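Colleague: Features from TrEMBL:
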type: BINDING; residues: CYS249, ALA250, ALA251, PRO252, GLY253, ASN254, LYS255, ASP273, ASP300, ASP320; note: S-adenosyl-L-methionine binding site
type: ACT_SITE; residues: CYS373; note: active site, nucleophile
type: REGION; residues: 441-475; note: region 'Disordered'
type: COMPBIAS; residues: 465-475; note: compositional bias 'Basic residues'
Amino acid sequence: MREKRGRAGVGKASGPGLYAAAASVLSGLEQRSGSLKALVYGSRFPGPRLLLALVSETLRFGPVLEALLEASGLLRAEKKLPPHLAKVLAYDLLFGKGLRGGGPWKAPLLKHRARLQAELARLKVRRGVSRDEDLLPPPAGGGGNGTLPRYVRVNTIKTRFDDAVDYFKRQGFVYQGRASPEMKGVASLSGKTFLLDPHLPGVLIFPPGTDLHEDQLYKAGHVILQDKASCLPAFLLNPTPGSHVLDACAAPGNKTSHLAAIMGNKGRIFAFDLDAKRLATMSTMLARAGVTCHNLAHQDFLATDPGDPKYSHVEYILLDPSCSGSGIVGRLPYEEEERMDAQRLQALAGFQRRMLGHALKFPALRRLVYSTCSLHQEENEEVVRDVLEQHGRDFRLVEALPSWTPRGLGVFAEAKCCLRASPKETLTNGFFVAVMERRQAETEDQSSLTVLPETGSQGGADKPSKKKKKKQKLC
Ligand SMILES: C[S@@+](CC[C@H](N)C(=O)[O-])C[C@H]1O[C@@H](n2cnc3c(N)ncnc32)[C@H](O)[C@@H]1O
């Protein structure tokens, strides 16, 4: 049964155990030692749903609480009060039902209550709002990823990168060159300006909310409106022109068209999907993008026979299976946690493990990329770990884009080889990518296996770097 929620969320928050457990979950999240749900259920606190609600609400009010703690000087006055605990207590004091418990920290907190309340009132006046909820940032997304930059991938099958840049300049946009690797200033990009993405060449960054759906270049398939994180899988798979590639869960096909562009539209992409409607959309989309090197099949990937001679040259597989979608901006993390119960998550993870295990059976496979738009480690690191336990003799992880900062959660030793993306850290949707390679590729002739791309390859404003035949860093 659900615990009753209070005015702004949590109802029966009580007891020092609850506050200490909530503070410990917040600290675990900061150290990236697990997902919210994993930390809550791993905490052994007897009321996990209550704990989840308290932490989620504290996170939701996080920036407001930080501002109030700073303005009130609470942490400066109470030097031994751990900051995460202060946040949880301040949340319950100001936005929940008031402190009922709090152990040794109850009295000091109550001593500062008047000051905290005064700072809250002041903040509301400054922001011109009357309700607590109005202090929260507006929900991102609204169907258009309102707070994320608009990423635009230049479709090199149809146009040259420089021509696309010139086109946007002619439309009155000011080109500001390549963004810094830290993406400094990108979050506040505004007006008619655009930048070149520092990690993914051929990807342009426009201010959030830039609507290019009516733009001629988009309508003609010369550019694709695609989140940057979703460009990572094809970029990292990096199939060579002329090779055979399998896209196991392909529709609606943005990653397929990206693969085709990287391959110079030469070779073969076997693209499967279970959903006929999505495949129909994909077919139109690929036609618009000028992709011709694909075979679309309305088929269950699990029912494909890896031993079928037509797949005997498949060296690259992109596996982007159905997932919880919890990384998609526009959903609040705790809403997602509530929607996605443990059973559904386990079912999804089981499906993802089967798909990944099946993909690794293709005899000529040399490199595979596994990706999801999920934040749950159950669908990400844990799937990779479990499947590698079975197939680790033949396949291993490769360190994907070492310069990319958010790495896989430390669920197993090599998880740092994987990469993650998030609105906060990378200004993209939440995403996970793992790159695997067949072990024998390390020692055998690597003539058909190029290295993973580094920033600067595959086109862009700078000259594409030559594909080097150097050894890949394996995990
Ligand atoms: C995350 S979406 C793929 C998005 C796609 N890669 C893109 O970039 O546009 C997952 C897709 O997997 C498909 N799918 C689910 N189970 C499948 C299966 N057993 N075989 C093939 N496709 C499947 C779903 O219909 C859905 O279109």
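Every residue, even glycine, has its Cβ placed from backbone N, Cα and C.
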Colleague: Give the distance between the Cα atoms of GLY253 (S-adenosyl-L-methionine binding site) and CYS373 (active site, nucleophile), rounded to the nearest whole Å.
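Modeller: The separation of the Cα atoms works out to 15 Å.
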Colleague: Among ALA251, ASP300, all listed as binding-site residues, which has the most CB atoms within 10 Å of its CB?
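Modeller: Buried the deepest by this measure is ALA251.
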Colleague: Where does LYS255 (S-adenosyl-L-methionine binding site) sit by DSSP, helix, strand or coil?
Modeller: helix
Colleague: State the Cα to Cα distance, in Å, between CYS249 (S-adenosyl-L-methionine binding site) and CYS373 (active site, nucleophile), rounded to an integer.
Modeller: 13
Colleague: Taking only the residues the record lists as binding S-adenosyl-L-methionine, namely CYS249, ALA250, ALA251, PRO252, GLY253, ASN254, LYS255, ASP273, ASP300, ASP320, what is the largest Cα to Cα distance between any two of them, in Å to the nearest whole number?
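Modeller: In whole numbers, the farthest two Cα atoms are 19 Å apart.
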Colleague: Could you state the whole-number distance in Å separating the C-alpha atoms of LYS255 (S-adenosyl-L-methionine binding site) and the residue listed as 'active site, nucleophile'?
Modeller: 13
Colleague: Round to a whole number and give the Cα-to-Cα distance in Å for the pair ASP300 (S-adenosyl-L-methionine binding site) and CYS373 (active site, nucleophile).
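Modeller: That comes out at 20 Å between the alpha carbons.
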Colleague: Please report the number of other Cβ atoms within 10 Å of the Cβ of CYS249 (S-adenosyl-L-methionine binding site).
Modeller: 20
Colleague: Measure from the CA atom of ALA251 (S-adenosyl-L-methionine binding site) to the CA atom of the residue listed as 'active site, nucleophile' and give the result in Å, rounded to a whole number.
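Modeller: Each residue's Cα considered, the residue listed as 'active site, nucleophile' and ALA251 (S-adenosyl-L-methionine binding site) end up 14 Å apart.
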